[in-house]
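Annotation source TrEMBL lists compositional bias 'Low complexity' at 434-449, 493-502. TrEMBL lists 450-481 with the feature compositional bias 'Polar residues'. TrEMBL lists 338-707, 1066-1333 with the feature domain 'ABC transmembrane type-1'. The annotation domain 'ABC transporter' is assigned in TrEMBL to 753-994, 1370-1607. The region 'Disordered' annotation in TrEMBL covers 434-516. According to TrEMBL, the transmembrane segment annotation covers 49-73, 154-173, 185-202, 222-242, 540-561, 567-587, 1051-1073, 1093-1119, 1180-1208, 1228-1248, 1278-1299, 1305-1326 (among others).
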Amino acid sequence: MWSLSWMPQAIGSTWTPALFQGTLGSQVVLGSDAFYSYAYNEDNEPSSSGSIFLDTLFIPVYAAGISILWSATRLVVSQIRSRVSSAKPRDGADLQGEESLSESTHVQQHGGIVIFLYRVARLVACLALFGLSIFSLVHSVAWHDETHHLMHSALLHLALCAVYAYVSLLAILSIACKPTVARSAIRHLCSILLVVFAVFFYRDMWPLCTTHLRPVDDGEGVALWIHLGVLTFAAAIVPLMIPRQYIPVDPKNPASEPNPEQTASIFSLMIYTFLDHTIFTAYKMPHLPLDKLPPLADYDSTKHLVEKSFRYLDPFMQPKKQHLFFGFMKLFRVDYYILALMLILRVITTFASPIGINRLLAYLEKGGEDMTVRPFVWIIWLLVGPALGSVAVQWYIFIATRVMVRAQAIITQLVFDHALRIRVKAEVTDYAPASSKTSTAATTPDTASLAESTPDRQGSPVSSAGDSENETAGSEHSTVAASKAKAREQGLSSDISASSSSTKVPEKSADGSSQSGNLVGKMTNLVTTDLTNIVEGRDFLFTVLYIPFQMCLCAWFLYVILGWSAWVGMGATLLLFPFPGFIASRIQKVQVEKMKHTDARVQTVTETMNVIRMIKLFGWEPRMDEQLAEKREEELRFLRKLKFLELANGCTNFMIPCVTMVATYATFTMIAKEQLTASIVFSSMVVFDILRENLHTIFGMIPMLIQAKVSLDRANDFLYETELLDGFTEKANPDFSPSMFIRPDIDPEIIGFREASFTWSSSNDGTVTPGPSRRNFVLRIEDELTFEREHINLVVGPTGSGKTSLLMALLGEMHYIPMGPNSFYNLPRHRGIAYATQESWVLNETIRDNILFGAPYDEERYNKVIYQCGLKRDMTLFEAGDKTEVGEKGLTLSGGQKARITLARAVYSFAQLLLLDDVLAALDVHTAKWIVDKCFKGDLLRGRTVLLVTHNIALAGPIADFVVSLGPDGRILSQGSLSRALAKNKKLAVEMMEETDELKKHETEIDYEVPDAFPSKSDGKLIVAEEIAEGHVGWSALKLYFANMGGKHSLWFWTLFLGGMIITPMIESFQTWYLGYWAHQYDVDPEDVSPSYFLGVYIFQLVLANVFYLTGAAVYIFGCLRASRSIHRTLTTSVLSTTLRWLDITPTSRVITRCTQDIAAVDGPIAQYFGFIIELSSFLVVRFVAVIIITPIFGVPGLLIAALGVWLGQIYMKAQLAVKREMSNARAPVLGHFGAAMAGLTSIRAYGAQEAFRGQSFLRIDRYSRAARTFYNLNRWICVRIETLGGIYQAALATYLVYFGSVNASNVGFSLAMAVGFSSTILWWIRLINDFEIAGNSLERIQQYIDIEQEPKPTKSGVPPAYWPASGNLNVEALSARYSLTGPKVLHDISFQVNSGERVGVVGRTGSGKSSLTLSLLRCIFTEGKVYYDGLATDTLNLDALRSNITIIPQVPELLSGTLRQNLDPFSEHDDATLNDALRAAGLFSLQSEDDEGRITLDSPISSGGGNLSVGQRQILALARAIVRRSKLLILDEATSAIDYETDTVIQTSLRKELDKDVTLLTIAHRLQTIMDADKIMVLDAGKIVEFGKPSELLQKDDGILRGLVDESGDRATLYAMAAEAQSSDSSR
């Protein structure tokens, strides 16, 4: 032989040990002649070598001796310790108590009746073994004649008797002693019994597996087998089957109900039967709720994990700085030792199939000649080997996923805890807010983009269609968030020192998302995207241990059977390695570009959905749909590139092992001139498949591990590099030296500062000159500032002067820098502090819970708070009153409502000191006045210290006892009385005058009312509950995808795709058979075999298979892209075309989720999983048919195995889908609570609520961990069962082929190879179907939003003439309207006529129908009657034509993010000159000068919703947009928010003078002053017109409603004068 000359025979009996020594442990060694010569003598008796001490039967004696020695040592050590330490009397009492316990308590202490009975049964077995050993002793004495043999045998059996006596004693101790002693005895007992079992297995069972040995002790006859049976029961069955005793992690707080995992037997843990109850319960229910899942094990609880882990991870508990990675390795060191052991075991058992196939085929090739091991051993090995490997790998995944869930909990809580220590710096974007005039308007979170504020599955809490092993939370969305966070990172600074701004963004610090968005975004990314990346890197042992070890074994295996030819193949692999690397680099580049376009589409979708009502009111739906389609097309272009590169990468990874195999076989047959045999071919093919899997794994895992390291570094930097509050810096650094915050000679009750400066960063030493620099703002108190206790203190000053910073400095949120030896600052906290931020912070709880904030409920106090904070009327607007859930970030509340709830929280608290940061800013004047009169002057604030930051000096000034005025440079201008502050600051005095005028003007408002009580009618849940899918994905949703894949050529698509996928496995199976046929030819006629011919045919088949596969895959990719394009277009068109009513009851966030997260699932997992399912299904069928062709009798068993697998898969999927949904639902509250807490860090610290929030975090994380642990364990349940079924099938097939079949070795090898492929594919097929169902839920969600109510579609007959509208004539006849077809009428037979160019004011109290009239004119609600606009009936026109010719300016206009130019002209239809003229006409330029640094231009950036502009500025821009549109009918819904005086004047002037003369203006008025000079006034009441005419005429009616409203106002004379002047100007015309 060419390379095996050192072996006695190439393929034969003595080949076995040489091949497998060191690979299969003892079983391999048992096959060697050397071992036989040592273990057995020629008479098949144990070789004593002259000493009984070397006999195998003496090994248990050594084990028992070690046990006794170990126990004695421990006893001596414990006695010494007990004498050294002082004895505690209580211990003796406890011992006496234990001794006097009842029998039932004794049984319970040992784990309950079941465990106790198992121990009793084992005791009986041990006593039986002791008796049998005595019988063997007597038998051996009687059997041996020779004295030497008699003594030898008697001593051995006597020693065995002693061992059994000892184990019987241990068994008695296990049931008689207290639990601690019993557990120790059980460990020794099981160890010794296991040793005895191994010895007897070797002596008496292994010889049965050989061809020439017999059991050593068979002279005992039946007694031997009884002995072995009892021993098996005691040593194997009882330890495997006995339930484990629950031992609580904290004995003082045991779990009321332990997790079944904690009490399951070892066998149950191996095959996961402890999950049977959960799985079959889920199978019987429509949906398995979270409370039906197994309880969370106490060792997985967040509280325990924090106590256990923080000493390794928390920077504050580390003696020195260390990277998080090493902390995690210390924490999970035991877990990773087990993982490494399982991987090694898995690698070894992976070779079960190639070894078994090789040995069986060798047996068939040689007819069993010279074989030392019987064939049934290798058949059993084919079954047991994969089963052991399955148990090993499933236990690996069990431990790894447990580590993952624990790491998720630990990292989330670690970031949460550390966040409570960090300084929330004030951060704003770099660009200057575009404005020139300070305004009191506030930006609230509900004007922010949902995409920026709400992370989502693939970056969000809503998590994901994921697969079972690798749950990912981040993809497109998280990348969007990351890119936005990176963009924000480049321009963030102090909130205080901004240049002139309209939005007071610089004032919003601490809790405001405007400022802390970057930091909050980073922390949110840490617990979403980065956390996902980190836990995905948990399997790094695959790259450092599993794959290298397996590759080495593969190389060794191939070398042994193929000689040096194997190295040629390995060399070919190394040469081809750069190709996948090159493709991977291209994939990465294309992925980056694709993500950029995905970001752009997501941003456009989010922006569109956030302003969808504006889009519908303007008739922009078709154009926005086209814009979205263009963005989508760009994204799909790069998605196509990415998919084809991934296809190329997959084919390359598939081909490399094929090239390796061809090179190896070619060298072996053509150069080495050796003959292929079936045993070589089919065993080596399995190994080549293993190499292919390793290639896929290594190239898939390396990018994942790199990503994990980057994310872990980010988390590490956050923990060690983030700036902390001064108090924590002092703890972390003893050398920290801003001395004391308060001197001992200072009154501890004092509230104030002396000679102190504060910065937002410790890197700023306070020496930077204050001024317009945002990044280096310094708050300076150069003398002493002391606030008055038990009084209201006012803090005033211009925007950017540092008012918020003053409160933050008191709270310790800023960096304190003493300015002198007498420096101090103090805020007494012992009597409680309440803090209300300007940008309101609410929790995702009920309104009541937000107000109580953990305080006890006092009904009388609570009702007072509701009344005084002006919330009574708001409660009537909610069906559930104060039990209404406010939603995430308060999505069900307006900005004013959130502000009042935040204030109510502070007022309700029992804190003595209240810090209120501009709580009046978001309120209209009436509400603000109510708050001042009822709340600030009320009894609840009497005697409490209030520090109020405000711009509303005119309102708040009269109640202030002490006023602090700040200058623009962060210094104190004055302190004392209000008059002194106004005298020192002239600009402040001017503002107060303007505000006083504004107050008088708002006294003419007519639609404000406060009811007496509020009801509570429902449970407070959000209006429409999110749809919950149950069961399997419906056919209509699947049809949506499948129908769009084929498009107009469905037949061609499905023919080419399915044809390619079916023909490919047929060719590949034929290739496998062909290799066996080639090997078989050497048996027929070795001389006529032409290796080059067979290799050529094989290579041709390989190329042909790839051509068919590539054709089918390419067609499939185009089909997926076609479906992605069509479904996205259908979805966006459906949502854009829906009714306003549907939009009103559907949260925008859900719509955005459909268009982003669910569309991402269509692009990725759905397409991927379905392709894999078709591919694997065809492989399954082809392999099964191949087995049937060779062995037709195995058709029925194969079908039964498949059916059983499918049935198990159905049971599993029912449970897994339910648990997956619960896991996704449980993850969202974790992230929601985290996000809410991060947004309100300053408030949490101010209230001292850190521990309460940590406790809530523990509870929410535990809920998620409970679902997650069950979810991952369910996967283990199905894997073990399916792999076992597969092993049974291939073992049964091997048994039939070897013992009953009549086929040649090549066909046997082919059949076994197909059976192995079939059985291993079933598992992945079921898992893929399950994953597809999970991902397919996105199709159902999309389908739900396609099948929604739609507005009428455009028709050709609905297109108006080109000249229309030529005028603004409006004629309404008997108009009625309702919001739903079955709802009540909100307008009743309204008829009126407005001539072109007239200005009409519409007035009426709240609920009179003003807004309904606006919506009915635009056909946004259901109408009856006729509306004629310039002579055409509007119900005959297409909606886009109608709405694009009417412009509405709402109270708070919505703007798109981008530039001002894009807002005025979103579709680029006008030049800049036209746009600038419109801005000038709207009055914008009169509010700003040319040299104003922050002036608004066409290139000024506008944030989402216009959040960086005041309400007044947004109305000016909306007016400019109306002028650009040149609509003949303009509807203005007048703003009631706090528009500053100058801005409001400019708007009113522009409306009167700058509109074209033929433009009809309808003004929905809230102030009589606005419309008293109108041409006509319409008074509505209860949906009817009660008055309509000229103002002067209506004022002459004695009992007129308008006259009554005017007479009731505080500005009666002015209003009459305005009406008279309007009449005279009318007459003059």
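Heads up, the Cβ atoms here are built off N, Cα and C, so glycines get one too.
In the predicted model, the domain 'ABC transporter' (1370-1607) has a mean pLDDT of 80. By the Cβ criterion (under 8 Å, sequence separation of 6 or more), the transmembrane segment (1180-1208) is in contact with the transmembrane segment (1305-1326), since 3+ such pairs are found. The list of residues near the transmembrane segment (222-242) in space but at least 6 beyond its ends in sequence, with Cβ under 8 angstroms from a Cβ of it, reads 115, 118-119, 121-122, 125-126, 128-129, 132, 135-136, 139, 190, 193-194, 196-197, 200, 204-205, 215, 265-267, 270.
A contact links the transmembrane segment (185-202) to the transmembrane segment (49-73), because at least 3 Cβ pairs that are 6 or more residues apart lie under 8 A. Counting same-chain residues at least six beyond the ends of the transmembrane segment (49-73), those with a Cβ under 8 angstroms from any Cβ of the stretch are 39, 152, 155-157, 159-160, 162-163, 166-167, 184, 188, 191-192, 195-196, 199, 202-203.
Here the transmembrane segment (1305-1326) has Cβ contacts under 8 Å with residues 353, 357, 360-361, 364-365, 677-679, 681-682, 685-686, 1069, 1072-1073, 1076-1077, 1079-1080, 1083, 1173, 1176-1177, 1179-1180, 1183-1184, 1186-1187, 1190-1191, 1198, 1201-1202, 1205-1206, 1208-1209, 1212-1213, 1278-1279, 1282-1283, 1285-1287, 1289-1290, 1293-1294, 1297-1298 of the same chain, all six or more residues outside its ends. Packing against the transmembrane segment (540-561) from elsewhere in the chain are residues 18-19, 23, 336, 339-340, 343-344, 346-348, 350-351, 354, 358, 567, 569-570, 664, 679-680, 683-684, 687, 690-691, 694, 697-698, 701-702, 705, 708: each is 6 or more residues past its ends and has a CB under 8 Å from a CB in it. Beyond the ends of the transmembrane segment (154-173), by six or more residues, the same chain brings 52, 55, 57-58, 60-61, 63-64, 67-68, 119, 122-123, 126-127, 129-130, 133-134, 136-137, 140-141, 181-182, 185-186, 188-189, 192-193, 196 to within a C-beta distance below 8 angstroms of the stretch.
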